[in-house]
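Quick look at what TrEMBL annotates:
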ACT_SITE  SER22  active site
ACT_SITE  HIS49  active site
ACT_SITE  ASP142  active site
DOMAIN    15-193  domain 'CheB-type methylesterase'
REGION    197-217  region 'Disordered'
Amino acid sequence: MVVAPPPCAAAGRCRAIAIGASAGGVEALGTLLPRLPADFARPVLVVLHLPPRHPSPLASMLDARCAVPVREALDKERIRPGTVYLAPPDYHLLVETDGTLALSVDPPVLYSRPAIDPLFESASAAYGEALLAIVLTGASADGAAGLAAVRRAGGTAWVQRPDSAAHPTMPQAALQMAGADAVYTLEEMGRQLALLSGTSHHPHPPTGEPRDERHGT
């Protein structure tokens, strides 16, 4: 059995969180995201493998259960603190260095669009060591290369404990390729994320994002 490490101090410097999930991800996100407190000040960017060309009710379902707003990302939308952004079906979700989101119809990565690797890679370019990237349950290797890019850029990597995942392939692939700063169950991960609400309440956005007076950034 993998034993969860103590609280990950490196996560305290994060200004944004990127999460990737595939098979079993709806349930995993439904466990994890409602644990974010209402004062959670960091943006959360999420890719879940979804069937193409079908509207997804996931954002509205999660929004009804979460203390922070959950919405489907829009192209060129400015990233705001304390908001969860979900990649829409059939679009890659990317982070631009000017503090906006981009939706891409580039070819699928590992048979998926949206895919996790493009999110992690673009977010690591925008946030560098201030990014926390999380790989959850899934049945492919998507997210492993992106997590390695996050770690090369100095960011923090968390992975769901494979023996607690509905589908362990994705966490196992991430650990094999990239390693992790922490390996948690969803419950442990939720507690650790909630602790971040008490640190750095005013995360600075990527270069170019204007101040948001609601959070004093």
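Backbone N, Cα and C atoms are what each Cβ position is placed from, and that goes for glycine too.
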Field: ASP142 (active site) in three-state DSSP notation
entry: coil
- request: Compute the average pLDDT of the predicted model within the domain 'CheB-type methylesterase' (15-193).
  value: 97
- prompt: Any idea what the Cα distance is from SER22 (active site) over to HIS49 (active site), rounded to a whole Å?
  reply: 5
- request: Could you check the active-site residues SER22, HIS49 and say which one's CB has the most other CB atoms within 10 Å?
  value: SER22
Query: So how many other Cβ atoms are close to ASP142 (active site), meaning within 10 Å of its Cβ?
result: 30
- prompt: At the Cα level, what's the spacing in Å between ASP142 (active site) and HIS49 (active site), rounded?
  reply: 10
